[in-house]
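Chemist: Take a look at what TrEMBL says about it:
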type	residues	note
DOMAIN	36-152	domain 'Response regulatory'
MOD_RES	ASP85	4-aspartylphosphate
Amino acid sequence: MEKAARSSVGLSLDRVPVIMVGMSDKEARGDVNVARVLVIDDEHDVADTFAMLLQTFGVKVCKAYDGLSGVAAIDVFGPDLIFLDIGMPGLDGYETARRIRSDRHRRPFTLVALTGWGRKEDCRRAQEAGFDLQLTKPVSLEVLEDLLERVRSDGAAAPPRAG
């Protein structure tokens, strides 16, 4: 059975920490293609729990607890996949997505709205803000596994646009 190496690193970006969490020994040695996933959610418990769940799929995870820290973390972490909460105070998920997409020099990634809102209007707004996909909480493990597998096999090839 493979042992998992766990670590936590706090980076001060605009005085809000961005946390990178561990991966398995095999992934650390570079034996597999490790997807890099950024979770941006103002609810610490939600972000922490979702990051732990993602780790069970063997991905490297970075967490940010607000939109500004999330935008800054992209250039530091270089994610293949970003899960971004919509309903955040201050810089909400839509504006965070617009800022993320405004920098055309970033490497490609898939941007997923992870939200409790699932109306047609919410999907339209997500698409207009630059999201590739909108998932309504709670996300099924099958959907999550399929998305992570696509990112692993295709790099940051975006799934069909939200809508």
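Backbone N, Cα and C define each Cβ position, glycine as well.
Would you situate these features in the structure and describe their surroundings?
Modeler: In the three-state DSSP reading, ASP85 (4-aspartylphosphate) counts as strand. Listed in sequence order, ILE40, ASP41, ASP42, GLU43, VAL46, GLY93, LEU114, THR115 are the same-chain residues at least 6 apart in sequence whose CB falls under 8 Å from the CB of ASP85 (4-aspartylphosphate).
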Chemist: Which whole-number mean pLDDT does the model give the domain 'Response regulatory' (36-152)?
Modeler: 94
